[in-house]
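> Structure below; questions to follow.
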Amino acid sequence: MSRLDVTEKIITAKVMKGLKWADVAAKLNLSKEWVTAACLGQMTLNAEQAKIIAEIFDLSDEDQKWLMVTPCKGSLPTAVPTDPLIYRFYEMINVYGTTIKQLIHEEFGDGIMSAIDFKMDLQRVADPMGDRVNIVLNGKFLPYKQF
């Protein structure tokens, strides 16, 4: 048994039960973005949260314990992603990554955007030419320090 096995059980149960991530998140009173990441194995749940997730997805006590183990974050394969949606993010960073970096440094100075002190919001935006995806990534700026 591994955390990946628990993730697969969660995805299977979600499909079989016809659940939406937003509905799961509402039961935890947390964002759909964070709860989805947690259910997919990228965040650590506390005991109370793990119990709720275990109840929603009919997980065992052993599975529930795996939800509370600190994950190996960013554990996607290191090769270029082949899933079309994930690849588009890879492509966006390849095309716009240096631009984003330059604009952040120009605005804030030398540093990084935190993925720890971080929020994400994903919304559908109606458009007569076809609905659009609006993703806001909100991370604390962390300047490099001199020593």
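Glycine is treated like the rest: Cβ placed from N, Cα and C.
When I checked Swiss-Prot for this same protein, it listed these features:
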- R88: active site (ACT_SITE)
- E91: active site (ACT_SITE)
- S114: active site (ACT_SITE)
> Rounded to an integer, what is the Cα-Cα distance in Å between S114 (active site) and R88 (active site)?
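Their Cα atoms are separated by 22 Å.
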> Non-local Cβ contacts of E91 (active site) (under 8 Å, 6 or more apart, same chain)?
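In sequence order there is nothing to list, since no residue at least 6 apart has its Cβ under 8 Å from E91 (active site).
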